[in-house]
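Take a look at the structure set out below.
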Protein chains: 2
Amino acid sequence: MAESMQGLHRSHRCTEVSNKNIGETVTVMGWVQKRRNLGSLIFIDLRDRSGLLQLVFDENNGEVFEKAKNLRSEFVIAAEGVVRQRSGAVNENMATGDIEVTVNTLRILSEAETPPFPVEEDANTREELRLKYRYLDLRKPHLQRNLKMRSDITTFIRKFMSNEGFIEIETPTLCKSTPEGARDYLVPSRVHPGCFYALPQSPQLYKQLLMCSGFDRYIQIAKCYRDEDLRADRQPEFTQVDMELSFVDVDDVIDVNERLLKALFKEILDVDVQLPIQRMTWIEAMNRYGSDKPDTRFGMELIDVTDVVKGCGFGVFTGAIENGGSVRGLNVKGQGAMPRKKIDKLVDSAKGNGAKGLAYIAMHEDGTIKSSFAKFMTDEEMDNLIKAMDGQPGDLLVFAADKNKIVWNVLGALRLELAEQLDLIDKSKFNFLWVVEFPQFEWSDEQNRFLAMHHPFTMPMDEDLDYIESDPGRVRAKAYDIVLNGSEIGGGSVRIHQADVQERMLKALGFTTEAAHEQFGFLLDAFKYGVPPHAGLAYGLDRLVMHMTGEDNIREVIAFPKVKDASCLMTEAPTAVDAKQLEELSIETIDVEEEK
Amino acid sequence: MAESMQGLHRSHRCTEVSNKNIGETVTVMGWVQKRRNLGSLIFIDLRDRSGLLQLVFDENNGEVFEKAKNLRSEFVIAAEGVVRQRSGAVNENMATGDIEVTVNTLRILSEAETPPFPVEEDANTREELRLKYRYLDLRKPHLQRNLKMRSDITTFIRKFMSNEGFIEIETPTLCKSTPEGARDYLVPSRVHPGCFYALPQSPQLYKQLLMCSGFDRYIQIAKCYRDEDLRADRQPEFTQVDMELSFVDVDDVIDVNERLLKALFKEILDVDVQLPIQRMTWIEAMNRYGSDKPDTRFGMELIDVTDVVKGCGFGVFTGAIENGGSVRGLNVKGQGAMPRKKIDKLVDSAKGNGAKGLAYIAMHEDGTIKSSFAKFMTDEEMDNLIKAMDGQPGDLLVFAADKNKIVWNVLGALRLELAEQLDLIDKSKFNFLWVVEFPQFEWSDEQNRFLAMHHPFTMPMDEDLDYIESDPGRVRAKAYDIVLNGSEIGGGSVRIHQADVQERMLKALGFTTEAAHEQFGFLLDAFKYGVPPHAGLAYGLDRLVMHMTGEDNIREVIAFPKVKDASCLMTEAPTAVDAKQLEELSIETIDVEEEK
């Protein structure tokens, strides 16, 4: 049975006790990590949030010794005793490895059944079981550390931004649904039958309105929601570090964020971020890395050989070029002897990314080459191509030929896959990069119209303003992403603050005047009454913390995450609800087998 | 048309310019508060978040002067100019009242139509209009100040709690629906047709699980949701400062919170909170103030005269007593001459609070009395009653006789009403009070069962544990509320950490074992694997900020509040949504006139 802790008061957390306390009486409380019986002595490793401390029970203290015999893993106890130099060998792996506490008083605050999996690192437990018993999984040191670091990160960000004059303002989470963008989570209204709120995909419109209100600098660490299929780095609810600034341009946003990142990484990880962070235009990022979030921790850049192979004998190349596409290659240094089977796998994954195939030249150390397309080329054509690729004996050259978008995607993905395979990435590095000058619009074959690449409130670059109607594809935006090690950790833009430009933009995106006003009327209205130039940025906090903790799944930095089907294995949410609840909301479920 | 700010960089906010800058060139940006033309000069009050600054345009600078003629209220401008001693009279009411900026360069960044109401304090604008154009309303200094103070408050709380070893952990907002408590907001699931998430009413269960996980000290400033009808101090979404601590009892929670409140009020308002804060049991609060959240800024306490009038000739009194009730009174000092009409109003509001009537004795200055019930009493009975009430010539004595609950409610409300009427409250005071030892259960006539007064996880007091089954009504809880000026700003309790006590509690609340496990199974499961004693508290942040800013409506401390019917007048949320969206969610609306 559970005993009360009445009359006892914790004096230290486990690792707050040290050899400075030798001879003192302390009271510690925590979980039994493990018990060892050594004849007349019982040893307990006591665990709390701070770490482990060894407790000793001596059979000379009969009553307490007998009680200690009952202790099992995960029992919660309170122990009062005297700190002593450790009697056995010092444990170098433990902060308190040179001391122990000889217990005089023991209370069992809570007993424990044998847990469904051992509460220790590297226990080989299925993730489903870990998530069902998340409260046990969270006892593990790495999750304790991750969530502590997450808390430290947000605490630091808030402090830094507050010092920079940012005001934290909470925006609503019961919002208006807007069809543009990802799928909304909806909330039926009881008071307004047939009507729904939407959970926010971001506080975008609200923060722009706050700039209209003159708050000047806004920050919020805000919950956001997207009802989309999940991936390793995506949850139905996620957290943004969201900011907006008035009377600024691109450089001002970048400046404050660079200083934030430098200070944050120094404070939390003792990592020095070199400023200024490199900036790269979107087009350069695509051309060099085949990605708008390039991992710059390694080279192996894309090489454009379109001009070299133009007019060559290989129809795959020339056909792509004639269709307005390009031919680009990667030089996989030192991999000329890659087995055919492995090359075939590369071809397969290229096809998975939309390529029709992958051409290659394997350059052997002896100077001979093997190529999938040499027979279509003259020797001179081959020589020129190899030269353009800086091919050396021992190298593997791979090529994709198609529309630019496909070539970039294919080679960008291949580059990452090869880097992983060949272990080219220095995982200790934190490589930051600004990607700037994104296209304003993105053509959607599916919807047969232009979509906003960032969102409809992004300001075009001044010199491209004239092309919104005449040539949307060439309009670049005052948009920027901050990329860390090949992952987009944040992004933002300067916003349109002129009502007329905003209306042109919405028109270019296919909104009728009515539709625009129905959806964004309050923003367009606000724009009539004096709007400051403004710009902002939002970080994906989960992803940022994931990188800073060195995890590769955001579930490891979220206390109670959901799984791929957006359910919670611990609470079993979502669940069926009482018919009465639905009735009050004036909704009913369809296409569901009813419980009779 | 809007000009660009390209090439300009704001050097100061308005009130960052001072007479120390005289002779310097500054660049300021903001909104035109007002324009005055004085012949050869135009004066503009420029407004930004920091305050106002006077700009001067001289007709000798022709081009800029001409441009300045176009400026109207709420235009957004950038102005570069030289700081000078003010040419006219110094304005003592303005931080920058002794200086002005003679403008050399003017850019109109955004024009403005005439706003639907003037952007200035004390403009007599309907609240509906203010909320529809919330982005304009938010430009007013008091809302700017309120939201800034709200940000300062949360920043300070986070810093303080972090220093106290609390870790901020985000808990999910797509949760499992639990019928107990207030009405949930539901979120239909797309992936699981027929199933719903609920938005959290509080992070209660999650924070208890975090204690099971060993996080030891948790804090979160969390959005919570209740689908209930709104009042002046209630919104559908509200913010809690939520905390939980392990290995503690009541005193530990109170200790850290008293230090927090003291530090917070000192930092934000320069108000000294005297520690320790007074503690009062629930029963004492009810007996003395007729309220579990007494306003102690004034006296006029309830006086129990049950024993005095027992057996008197007035049937209303004796009847109430015979029914197990009581007779209590208020001595309204110096109001013996209150006009009959006013007294009748008091009787009306007492009836509104459930009283059958209100008995009174008006004591005139000349020694005579007028009473609604003197005719039923002997002179001696009257004398004894007046003596028990400490009645003096000039006093008004009012009495309620009924069941205790009704008597408390009636006199508690009357006490507040009279204090307001008679201006008894010193509004500059911040009176804190802990109310402790709440009843564990509250009988519901409606549901014909006991309900949990706080929630089902609240620990009974040790000495009352035995009465959970036999006499639930007498069980007191280890629960505490923190009251400020008659308003509950926070509350919490020690939690049950023993699986067996928790099961008994749920049983006493009418849960079958199955129902308990269906709803709280994961918590009851967690209790099997070692639970530390734990306790917590949550503040209603909106209400706390309301008190600290001196507002009497929480809408004044929320950026984008909703109105009584839970709608947003600015965005018009909630709204109808596309049929396609509902179809994807496998729901349809009922009882709603369909749009054909």
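Placed from the backbone N, Cα and C atoms, the Cβ positions cover glycine too.
Note that this is a predicted model, so its numbers are computed, not measured.
Per TrEMBL, the feature L-aspartate binding site maps to B:E180, B:R226, B:H454, B:R495. Annotation comment: TrEMBL describes B:R226, B:D227, B:E228, B:Q235, B:E488, B:G540, B:L541, B:D542, B:R543 as ATP binding site. Residues or ranges marked as domain 'Aminoacyl-transfer RNA synthetases class-II family profile' by TrEMBL: B:147-561. Summarising the annotation, TrEMBL assigns region 'Aspartate' to B:204-207. Sequence annotations record features per position, and here TrEMBL assigns site 'Important for tRNA non-discrimination' to B:G88.
Taking a C-beta cut-off of under 8 angstroms and a sequence separation of 6 or more, B:E488 (ATP binding site) has the following same-chain neighbours: B:D292, B:K293, B:D481, B:I482, B:G540, B:R543. Every protein chain shown contributes to the tally, and the Cβ of B:L541 (ATP binding site) ends up with 27 other Cβ atoms within 10 Å.
It is 14 Å from the Cα atom of B:E180 (L-aspartate binding site) to that of B:E228 (ATP binding site).
Straight-line distance linking the Cα atoms of B:E228 (ATP binding site) and B:G88 (site 'Important for tRNA non-discrimination'), rounded to a whole number, equals 56 Å.
Max Cα-Cα distance over the annotated L-aspartate binders (B:E180, B:R226, B:H454, B:R495) is 22 Å. Neighbour density for B:R226 (L-aspartate binding site): within 10 A of its CB lie 20 other CB atoms from the protein chains shown. Here the Cβ of B:R495 (L-aspartate binding site) has 22 other Cβ atoms within 10 Å, regardless of which shown protein chain they belong to. Of all Cβ atoms in the protein chains displayed, 13 besides its own lie within 10 Å of the Cβ of B:E228 (ATP binding site). Under the DSSP three-state reduction, B:R495 (L-aspartate binding site) is assigned to strand. The closest partner of B:L541 (ATP binding site) among the binding-site residues, by CA position, is B:R226; the full candidate set was B:R226, B:H454, B:R495.
Nearest to B:G88 (site 'Important for tRNA non-discrimination') in space, judged by Cα atoms and limited to the binding-site residues B:R226, B:H454, B:R495, is B:R226. Counted with DSSP, the region 'Aspartate' (B:204-207) comes out as 4 helix, 0 strand, 0 coil. Maximum intra-site Cα distance, ATP binding residues B:R226, B:D227, B:E228, B:Q235, B:E488, B:G540, B:L541, B:D542, B:R543: 20 Å.
In sequence order, B:F438, B:A477, B:A479, B:G491, B:S493 constitute the residues six or more apart from B:H454 (L-aspartate binding site) in its chain with CB-CB distances below 8 Å. Between the recorded positions B:G88, B:E180, B:R543, B:R543 has the most other Cβ atoms inside 10 Å of its own Cβ, all protein chains included.
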